[in-house]
């Protein structure tokens, strides 16, 4: 401040400075300096607020699903275990977004940044892997319909859960164990402190899992069409019922895959081609739709399920609507 004062006063006559008191000098200087209104400083990034809001909605929505499955002992079949795994992964992802927002503005440190990014990466990895596991389970339930409800299926389900959560936790621990770009910023990806190689591996893994899910759902669609055709033949209304049921099943599968791809594909492809030098607005714009997938998952996989709907109504009001209790499951409910 003293140096600035000297520079600002250098243009004044020397005898005038010596004859004037410090108060007069300050008054003279302040009267000659133009008054400029300071621009309002942006304290919180609006994108971070949106992500935190999304995380809050994700946490609340998936907490309901976890609570329903945890409290109802009848929901212990392999399908419900996998849906519970998906809801738990999305719940942790939502909490990770909230914690990341809190730490980013209240407790900034490298340690908290590594922990929160590790939690988010592990949670979203478990979420995507759970989606793949649900797809595998749906395929097995149709392809091996006669032997699906056996101890071997339950054992296989637990093995899938152990593998997907073990792999996801290991992926989340990589930044904490040292595979980060805190010491070399040139290796950073669009998500700091993940390295470019780490982000590329995650993106390629996602593309491979999506290709596998696509192939499995194509096979599921063929099985559903065949089952619908057989049921229609048995009831002698092939022309209308077969078409309607098949179209409903195909539409359901298209919604599932289309939603998954629309949410995750932009961020996946962007992570492959971009790095830390790209504007952060592109990262936010592609990451936000990926978080929406965790909002949509409970609607597609949990709340559409008849047994979960019944358990939800029992918890809320202690009753089951008659329309829900009389609804029969069709081949299109995949």
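Cβ atoms here come from the backbone N, Cα and C positions, even for glycine.
All annotation found in TrEMBL is predicted automatically rather than curated by experts.
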Transmembrane segment per TrEMBL - which of 5-27, 281-303: 281-303
Which listed span TrEMBL calls transmembrane segment, if the choices are 47-70, 311-334: 47-70
The transmembrane segment (199-218) vs the transmembrane segment (82-108): 3 or more CB pairs under 8 Å: no
Interface-richest range of 82-108, 156-179, 250-269 toward the transmembrane segment (281-303), CB pairs under 8 Å: 250-269
Intrachain neighbours beyond the transmembrane segment (47-70), with Cβ under 8 angstroms and 6 or more residues off its ends: 80, 83-84, 87-88, 90-91, 93-98, 100-101, 104-105, 280-281, 284, 287-288, 291-292, 294-295, 297-298, 302-303, 308, 311-312, 315
PLDDT averaged over every residue in the domain 'G-protein coupled receptors family 1 profile' (61-301): 88
Cβ contacts under 8 Å made by the transmembrane segment (82-108) with residues that lie 6+ beyond its boundaries: 44, 48-49, 51-52, 54-63, 65-66, 69-70, 75, 116-117, 119-120, 122-124, 126-127, 129-131, 133-134, 137, 157, 160-161, 164-165, 168, 291, 294, 297-298, 301-302, 305, 308
